[in-house]
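Per Swiss-Prot, the features are as follows:
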- 42-219: domain 'BPL/LPL catalytic' (DOMAIN)
- 79, 80, 81, 82, 83, 84, 85, 86, 149, 150, 151, 162, 163, 164: substrate binding site (BINDING)
- 146: site 'Lowers pKa of active site Cys' (SITE)
- 180: active site, acyl-thioester intermediate (ACT_SITE)
């Protein structure tokens, strides 16, 4: 029987209502439990959380102790990757959805990248992938800079964690770490690339529509979200 795949926004918490990372993690876990229990339904449901976090560093499973910034709040998380920063001006998205009985995690990451690349094109930015490195990148002269990071986990065939798109955030916090463990490339923001301010709220609609399309889900909030 045909399966209807609907991706609905569960929560939007943008400036000035920044979402504490711990609260966002609890929301993810609640949605994960709900979606895990409904995987057998013919109508496959999925949920999306969009937010700007309060300033925080998060360390993925492969982060070593010496990679942690000194005298800063760091939260250990179960996603892939290493250490990164979240905070105001950065659009964070958590798609919580089933990947089916035989999850293809790499394909899922590539779909997220595709959605973000298409969203960047809507504001005139040419983002791209780099082989062997997750996320979305842009070219700055002779060097590559990351504009979006991706770190996911799949548990009981259902996804957790997601992506972080640098929109108008301060880049200074990244100077205290080696972002995602990549020492030979920098980070940037949409606003820095375009030389004008683009906030998470301004690009949210495009990101949601593009992610839905890339994941082949029906967007229940077509138009402005």
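Glycine residues also receive a Cβ, built from the backbone N, Cα and C atoms like all the rest.
From a predicted model like this one, the values you see are computed outputs, not experimental measurements.
Projection of Swiss-Prot feature records onto the structure.
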residue	record	DSSP (3 states)
79	substrate binding site	coil
85	substrate binding site	strand
146	site 'Lowers pKa of active site Cys'	strand
151	substrate binding site	strand
163	substrate binding site	strand
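Across the structure, residue 146 (site 'Lowers pKa of active site Cys') and residue 85 (substrate binding site) place their CA atoms 13 angstrom apart. Taking each of the recorded positions 79, 146 in turn and counting other Cβ atoms within 10 Å of its Cβ gives the largest count for 146.
As a whole number, the greatest separation of Cα atoms within the substrate-binding residue list 79, 80, 81, 82, 83, 84, 85, 86, 149, 150, 151, 162, 163, 164 is 16 Å. Listed binding-site residues: 85, 163; maximum Cβ neighbour count within 10 Å falls on 85.
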